[in-house]
Amino acid sequence: MLVDELCRLYSIIKTILNYGLSDFVPTHRLIFPLRIGSRFLLRVLNKHSQLTLGERFRLALQELGPIWIKFGQMLSTRRDIFPDSVADQLSILQDRVAPFDGIIAKMCIERAIGNSLETWFKDFQEIPLASASISQVHSARLKKNNKDIVIKIIRPGLLPVIKIDICLMYRLAKWICKFLPEGRKFKFSEVVSEYEKTLFNELNLLKETANTIQLRRNFKKSQILYIPKVYVDFCSENVMVMERIYGIPVYNLVALKKQKTNMKLLAERGIEIFFTQVFRDSFFHGDMHPGNIFISYKHPGNPKYISVDCGIVGSLNKKDKYYLAANFIAFFNHDYRKIAELHLDSGWIPLDTNIEDFECAMRTVFEPIFEQPLEKIPFSKILLYLFNTARYFNMEIQPQLILLQKTLLYIEGIVRQLYPNLNLWKSAQPFLERWMRDQLKLSTTICALKDKIPHWIDKIPELPNLLSHEFKRSCMLQKKIEILIRELRTQRTNHGQALFLFGVGATLVTSSIFLYIQDKYLKIFSIFLFVIGIFIWTIGWKRIIQ
């Protein structure tokens, strides 16, 4: 571990102790030394015991900085991991940071375009229009045509900080999986990996440029959604130049009503945009929170959405789309057997799952929901209940479905705010049923076969070699499994001792920090204790990772 990582780890541990986040850890599942340490030391240092666990978690992430705030925002959609009380607190995290100097922004732009800013732009505003943890946005004009534009710039010096924090997130995820059996079920390393991928996509504005161009192409002739033009010649990894849009923020209901916007039609079009992106295009905007959506000033009776900030996008393959649509339709029809069969056929739950038990669990969860009027049943909650119930049957985490759930949560929140009486199910059902009918048409099947036939013909001469190769590979795999079983038996013997040493070392380190903070007369002893703890911890850690 590097010195920078150790310093940052100390800061993280201190924040965890200050906010009493040890409450997330079920102590009965810890090894003995860590159980003693958590009981007698961690809770003593909790300076915010009067707050709820969710509030403490939110404040801790805020204190750790913007990268952790964004991580918390992502975790807020993972209600399969956290209870609602915690997820609700995480959902109000605000990604707000002080802007960096406009002169520095100007220098970043000039470095990216390889020329002085005045060569291509005029009326550049040093005070940003918006500032966030990853980037900030400045307004200007293009010299050649006098068009209003915005210039998005990645915050300088961000990469080294992000790399350290991501590395520590991986370490924490690994420790959770080592010491908490429940942690393995949630695959925290995969959660961090998904966050890392999202974060680095946002750091590369060329990816956002490509996403924006694709979405603009998909809705080029649309009367319901407008995506602003990107000026590709000026775009790079750190700078993006695009058309400036003018519209009313979707959350400004007063302004929308003042210009006599057709709110019912606007809400219906929000649902239409979502399902069009998911089922027609298989390419959807994954960050459609209210801050990224505007309504055009033109034609309030025939309202049009404007969407920006396309750094995060998602896609579903044909199989996922089919099973998702079929699940919703089965839900409309109270067909829980069909829902169970779909989960099994899609591979979302293990093949050895008892289908009757799964069907019964679905009925138990959803039948009470149907006591409410259909228009009051939230789409996003149905998806959440569906995933949470399936989780108890060891459903694999599907990252693309998590992003879809987050997007649906945003869209549904916006739509219900615009027109509370809208029946989302009535709006969505015809769309889903039409899409399902289209998939079953003979013409659709013929088109799919025409696409695959050349590939099949090409592979026919290779079949004998492929079969021989697969037979050899299965024999090799059998031998590897036998070797692995022998190695696992050996490792199991040593693992308990390694965990004990690791736990003793961690407890001594925690105790030394506590003594160092609390008692000025025991500072030398606490340093001595810290060194011994690190030594024992290192021995245990090396044995664990071997």
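The backbone N, Cα and C atoms fix where each Cβ goes, glycine too.
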Given ranges 161-181, 497-517, the stretch to which Swiss-Prot attaches the annotation transmembrane segment:
497-517
Which one, Lys106, Lys152, Lys197, is listed by Swiss-Prot in the same ATP site as Leu129, Ala130, Ser131, Ala132, Ser133, Ile134, Ser135, Gln136, Val137?
Lys152
Could you check what DSSP calls Asp287 (active site, proton acceptor) once collapsed to helix, strand or coil?
coil
Give the sequence-ordered list of residues that share a chain with Val137 (ATP binding site), lie 6 or more positions from it, and have CB atoms under 8 Å from its CB.
Pro128, Leu129, Ala130, Ser131, Val150, Ile151, Lys152, Ile153
Between the Cα atoms of Asp287 (active site, proton acceptor) and Ser135 (ATP binding site), find the distance and write it as a whole number of Å.
15
For a quick check of packing: other C-beta atoms within 10 Å of the C-beta of Ser131 (ATP binding site), how many?
18
Neighbour count (Cβ, 10 Å) for Asp287 (active site, proton acceptor):
21
